[in-house]
Amino acid sequence: MILLILFIGLFAISTTDACGACDTKHPQQHYCDADFAMRLKILDVSRESFIRGSNTVTAEVINSWKKGPAKGTFIFHAPASFCGTNFHVDRTYVVTGTKKFTDDGTKYWSHGSCDFGEDWDDMPAQQKKGFKSYYEDLCDDCDITPTRLASNIKVEDLENDYRDAATYWTPTNCYYNPHKSQAYNQPSNGEVEDCEDQYGLCRLDRRSGECSWQLTAEYEECFKHRDDYVIVSSGEFAITDVAQCDSLPNRKKRRNCRRRLNEQILEEGILRF
């Protein structure tokens, strides 16, 4: 029994490590990096595949935005493990992937555990619009690179209450910190969305030559709500500048804000900007 428990534990660790090995990508970057991007209705998922460790997925093409057949049946190979997308028959998904070849030169389409695969009904409207039209036009202009660090760029171009602060998020340079958004979006609160993932379009400003998140109404509302939650409601703290504390409505909250910030600076070594 002990050996069985140890085996299960080791298996869980190894599979978790494998699932966690992917670099976090914005949906726009998924589209740009992929060989194919399609909207598919799943017809069949078979364990029989000439690719070891993969399922053969047969799907009906609804939309083909990047390579792949424009209509008809599309067959691709996806991981048979629980890592990645769990495709269900009769459900519709947006799927990205790559074109690969076997040792004998046979071409096949592959959807890896790190590729984008989302149920169409679960995707926000902005992501759907991105895959249908926007992302294709933006691929040559900007790259979106994830980070885990606080930005040293102040939020000066967004109409919220904390424009004088440097935080974990900023529209400038298409700054992308999904890890912090996920860290605050726990089941216990469910208050924080990944605004860049859900509503972000990374566009090049031809005049300045810089890429930035497009300030749509949905993105700005999400951004402000996220900052409001983190600074006021969360037991943790996600800012790096005491100037943000000055925006709070009363003296007690401003004092507690400064105290918590100083404690976090000491614990984590976060620099003031």
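Glycine too: its Cβ is placed from the backbone N, Cα and C atoms.
Copied from TrEMBL, the annotated features are:
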BINDING   C19  Zn(2+) binding site
DISULFID  C19-C83  disulfide bond
DISULFID  C22-C114  disulfide bond
DISULFID  C32-C139  disulfide bond
DOMAIN    19-139  domain 'NTR'
SIGNAL    1-18  signal peptide
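The shortest Cα-Cα distance from C114 (disulfide bond) to any of the disulfide-bonded residues (C32, C83, C139) is found for C83. For the domain 'NTR' (19-139), the model's average pLDDT works out to 91. In terms of C-alpha distance, the listed disulfide-bonded residues C22, C32, C139 place C22 closest to C83 (disulfide bond). Counting every protein chain shown, 22 other Cβ atoms lie within 10 Å of the Cβ of C32 (disulfide bond).
Between C32 (disulfide bond) and C22 (disulfide bond), the C-alpha separation comes to 17 Å.
C139 (disulfide bond) carries neither a helix nor a strand DSSP state and counts as coil.
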